[in-house]
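A.B. asks: Quick paste of what TrEMBL says about this protein:
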DOMAIN    2-151  domain 'UEV'
COMPBIAS  126-142  compositional bias 'Low complexity'
REGION    126-170  region 'Disordered'
COMPBIAS  143-158  compositional bias 'Pro residues'
REGION    197-232  region 'Disordered'
COMPBIAS  201-210  compositional bias 'Low complexity'
COMPBIAS  220-232  compositional bias 'Low complexity'
COILED    271-305  coiled coil
DOMAIN    332-398  domain 'SB'
Amino acid sequence: MSAHQVQQCLQRAGGKYVDSAKKDVVGALSQFKDLSPGTDSFMFPDGKRRNAFRLKGTIPVYYKGACYNIPVTVYLWDTHPYYAPICYVNPTATMVIKIIKSNRSPYFHVMAMVFQEKCPVFARSASTTGTATPNSSTTSTPTPTPYPSSQPSMPTPYPTGSGATPYPATSTPYPSAGGMGYNPYMNIPQSTPYPMGGGAAPYPSSSSGPVVPPRPPPVSSQTSVGSGSGTIQSDTIRASVMSAVEEKLRAKLRERLGTNSAEMASIRTTGDELREGQQKLKKMLEELESQRNSLQTACEIYTAKKLELAKALSDAGGTDAPPIDEAIDAAYPLHRQIVLSYVKDLTCDDVIYALGQSLKKNKITTSEYLRRVRDVSREQFIHRATMQKCRRTAGLPI
């Protein structure tokens, strides 16, 4: 799967740090080729079920010089890499334990101590297709897992003499170590073959009577291992306990380090935000200081102008007010003549309007109204002609 598809899965799972998580996932996929990423609904330890990113597949685990392919499922928090992932052993129905020694009980005992309930892998014959994988959640107490007494697909790794045949399977329960608690694999039947001398056949012929198979030699104590007694050595128990405790301590340490890393990241983010806010406040203070200086300068100018205006008013307070007509005047004589002609033109309009109102009210006769209107119109024509001539001379629009 490409990095782009991994990023899409992380985004569907709601990851907060997609880039960092993608880097870790791609590195894990490059090391473990059998893992496949995806998303799945998962109940987290905080009691909330949500869509989570997961890696599912098998990883090689080395134990005492042997390599075991263990199926696991790894779930990532949405705050990865600041919280440690959650890993579970995910057994499959087709898994088979390869027999490598005559005394197989220490390996089952180590698995029982590490995984607490049931062994994560089960021996299964190639011809057995209907056997279901045990489920620990269906009963309150663990039940022994049935294992096949023979596996025709695997060769017997034990040397035998010429014509010798191993003994038939005997039910050998495992004794519990002192103080180690209940062993869920006490009743698992174990096939314990023994090497035989040359030519000695343990089974009777068709003409002989029944032969009782010999028992395994007795052991001196529970912590010592006989040639075929199935007991566990003390160093094996010690190594398994130390391995389990070490794994739990590592998990606690990863969880604590992840929490501390998340807290440190939050503190760094808060520090960056505070420093950014400090810079903004400094900029605002500088702007306020500049505005205060500008206002102070404007106040000084206003005070000076106010004093100047008060002095001018006090100097002009003793004289009489000048006439308004003298206060408003044109800049040039030509402009003054234009203003006077315009004023007289408007005056003629007012006179003609007043004569019309007087005629309506029968205050003057019609002949008198016509005579006065003719005189005023003649005078108004002269004023308008003068005004147009002056505007033409001054270069103004007519």
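The backbone N, Cα and C atoms fix where each Cβ goes, glycine too.
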A.B. asks: Could you give the mean pLDDT over the domain 'SB' (332-398), rounded to a whole number?
C.D. replies: 93
A.B. asks: Looking only at the domain 'SB' (332-398), what are its DSSP counts of helix, strand and coil residues?
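C.D. replies: Its residues divide into 57 helix, 0 strand, 10 coil.
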